[in-house]
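Below: the structure, in structure tokens.
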């Protein structure tokens, strides 16, 4: 049998990388891949190929294999199950030894696990469904700059979801008019307003002007309402240096929160920004622009729950997580699955919610999920019920589309939210009586009517 190791030429991966009797270690990073092999490629070979190509393997035996201990460093495909209802599709479980990964680098983790292997010829399609991050690895990350509890304490807001609004039209306003829209929304009763993800520093509105006018709006609204307000100042830029410059300026203005597009900006930039935010008391709002490029295909790419876990390690205090009810895609149980992965400390394996592994975050701070995209006041009861208190509900057109203007739109949202929270606390069923609750509130709030 030993001769197999050193025959020249192409050899089967499963001889080395398919190990069904392997007992996973507590320190292993575990991955669940949805594998669709090419016709004629057996499942064991496909699963082993994934393990090999994402760890130590190459297409043949190289003599330098003799200079290391492959048994210590190789990824192993340790379990394969057929996907029910799909022809020729399998979930392959792969265990990676911890030593394969650089400490505190989400970038390195993804380069290994979802690198070259996705272009592999023997596979028709490949999707990373879930990752189990062991405490031994997650402890090398600082995670979110502040987390849910610290954010509530900073804002002095408890017992309800937070309200946000993306300023529209997303592109084309001057800085002064943009600041005016921010002021009106915050004055009306929202907690946050938001730069759109593609608002960076364009010719019609340079970043520094926007930051200054938004800060002015913030302070004015705070003085008039007696509440702490925030505007997500988008610091995303073409270089990391420029991004940090913007974050520094936001801090100098006394802004409470900045924002980053973490997939287009990259995990390296995101982790740098998160470290700065923690050191300087800034909250960090994360937008997931580009996620659907990676996660929308059912059989290829990467599920959003993996991107969400990566973000919790890299660092962010808010992240967009779909709505379940608005204009963008998202199934309820699956969405709630990764919302729990973002917020909770310990999440049990539950395949019905798409959770393939039990995940223990060992006290890493949580991330607040943001529901955003095509939602409006009539969704409020459902959103309050689905997402609970630790969430940000973000209404863009649902605020600015109010026939009377921005401030009344904000008032309507705040009234609807307070009504839903009060009804829930009184024990009423939001799912069943939602519309009725909003209608009752509308009787004494002309903005909501």
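Every residue gets a Cβ built from N, Cα and C, even glycine.
What Swiss-Prot says about this protein:
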MOD_RES   7  N6,N6,N6-trimethyllysine
ACT_SITE  168  active site, proton acceptor
BINDING   194, 196, 197  Mg(2+) binding site
MOD_RES   194  N6-carboxylysine
ACT_SITE  287  active site, proton acceptor
SITE      327  site 'Transition state stabilizer'
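Location within the structure of each feature annotated in Swiss-Prot.
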residue	record	Cβ within 10 Å
168	active site, proton acceptor	16
194	Mg(2+) binding site	29
196	Mg(2+) binding site	18
197	Mg(2+) binding site	21
287	active site, proton acceptor	28
Could you give the Cα-Cα distance between residue 197 (Mg(2+) binding site) and residue 287 (active site, proton acceptor), in whole Å?
-> 7
Cα-Cα separation of residue 168 (active site, proton acceptor) and residue 196 (Mg(2+) binding site), in Å?
-> 8
CB-centroid shell, 8 A cutoff, Mg(2+) site 194, 196, 197, site residues removed = 166, 167, 170, 195, 198, 199, 232, 234, 259, 287
Measure from the CA atom of residue 196 (Mg(2+) binding site) to the CA atom of residue 287 (active site, proton acceptor) and give the result in Å, rounded to a whole number.
-> 9
Helix, strand or coil: which one is residue 287 (active site, proton acceptor) in, per DSSP?
-> strand
